[in-house]
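According to TrEMBL:
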SIGNAL    1-27  signal peptide
DOMAIN    1-242  domain 'Peptidase A1'
DISULFID  Cys171-Cys206  disulfide bond
Amino acid sequence: MQSNNRFLNVILNAIIIALSISRDVRAVPTGSFEANPKKIDKPTHTGGVTLVEGLKDWNLIPKSMIGIQLGRSANGADGTGQITLGGSDTSKYKTGPGNLETLSNQDTSGLGLWAMNIADVNVDGKTVSSNRQTILDTGNTQILVSNGDAQLFHNYPGTFKTPDGIFGVPCDHTKIPPMSFKIGSVEFQINPVDIIGMKIGNRGLCYSLIQDTPRARWSLGTPFMKSVYQIFDSDANKITLAKLK
């Protein structure tokens, strides 16, 4: 009976997670997937078995690991995102030097987050910031940086800052310079399409999806994560990022 109850908890948690994800996806205008992968693999609020933990315990997956590729609705790629439970889909990402980086999770908060260090940030070929700690969060539809750091990403023609500190960018992605994050030894480019938010009037201006936050630690959300394949390995407590094929 105890075994049956444990399996039932796994199924119920899977249903709850699926319903939560479906609700959040409908609520996000950028078409991004909202769920922190580490939160799927941490103790639940009810004290029950988590989805990944239960699937591994029942030998339905080999590891407490999640591989994630996010789709990009702005490019007409709705429905192309994919989650792989228990491993990763090697057909989706590149391997080898310069394409893939594996790092130990640096989070010590006990909140079930995934954290790592950004070696360098480059905008238009220039290094604008170095040695920043960040969390990875697919539930965040922006790139949130420490107070004052957002200005580093908005020093080109067409950008602006509102009186209340909100940054804007041209709605035309061709007017946004190349941006990249160096993580470990690998340089990950972000697609300029992914940092363009909602339109502001009819002047060709949009809200930027890179904004300041009062927190000391950055949060790389879907504008970054849509351009990389992510593997979160709870067994080894490691993060792997890879360039997409």
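A Cβ is built for glycine as well, from the same backbone N, Cα and C atoms used for every other residue.
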Long-range same-chain neighbours of Cys206 (disulfide bond), Cβ under 8 Å, sequence gap at least 6?
Gly168, Val169, Pro170, Cys171, Ile196, Gly197, Met198, Lys199, Ile200
Specify the count of other C-beta atoms within 10 Å of the C-beta of Cys171 (disulfide bond).
18
Per-residue pLDDT averaged over the domain 'Peptidase A1' (1-242) comes to what?
83
